[in-house]
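Features reported for this protein in TrEMBL:
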ACT_SITE  67  active site, proton acceptor
ACT_SITE  136  active site, for ring-opening step
ACT_SITE  138  active site, proton acceptor
ACT_SITE  143  active site, for ring-opening step
DOMAIN    11-226  domain 'Glucosamine/galactosamine-6-phosphate isomerase'
Ligand code: F6R
């Protein structure tokens, strides 16, 4: 794992955006794996700015988001669909049919998971996966204890994850209890992974991840130690606290 220590959030986002832009310029039909949450919003801002200033095009790009809440439709302002449109997709030239986000209101959620996994395979897998990390070490919504062999599946969110995401909702009760998430094995099949870690709140888990010599399901992000091409980009707050 390569570690890049950015001096602040802005520099962390700029470095992550560079990875994305390089990938979409190098590949003929790049496939991006994308994350939501507080951490990557600045990366999307940089990508949108670059799109307008440098005309970087997304016409040839396919995307797969990591996860979506069960029970929230794409028009719900608290859904990850909505987040992605608002923060990124509405501001670049990516064709709608090349955007993939699990459908949290699918009538058959198990089938939705299987289909999502197949769609990723059909596109030849993910070239670059952007990840954030939960305070409990989750990546995607793969909570501690999730099997390393997991593929896209339905997960019961831990209370700490629901609390961490409460700020996107009016109250904790409104935060869904379940989500669809790419599994750990789905994430590990990506050819390159960039993990973003920002803010003092994430300092303990980053410390634990970097110092841990064991790779174990209790700390899902440790699986990344087995991946040949992972870059962790952290800001000073997450690194030095
Ligand atoms: C989001 C996702 C989650 C978040 C993580 C950190 O699509 O899969 O793993 O990356 O919960 O969230 P923030 O960035 O809000 O601290």
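Using the three backbone atoms N, Cα and C, a Cβ is placed for every residue, glycine included.
Quantities reported herein were computed from a predicted structural model and do not represent experimental measurements.
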For residue 143 (active site, for ring-opening step), name the DSSP secondary structure in the helix/strand/coil scheme.
coil
State the Cα to Cα distance, in Å, between residue 136 (active site, for ring-opening step) and residue 143 (active site, for ring-opening step), rounded to an integer.
8
For residue 67 (active site, proton acceptor), which residues of its chain lie six or more apart in sequence with Cβ-Cβ distance below 8 Å?
36, 80, 102, 140, 141, 179, 180, 181, 182
Reduced to three states, what secondary structure does DSSP give residue 138 (active site, proton acceptor)?
coil
List, in residue order, those active-site residues out of 67, 136, 143 with a Cβ under 6 Å from any atom belonging to ligand 1.
67
Determine the mean pLDDT over the domain 'Glucosamine/galactosamine-6-phosphate isomerase' (11-226), rounding to the nearest whole number.
97
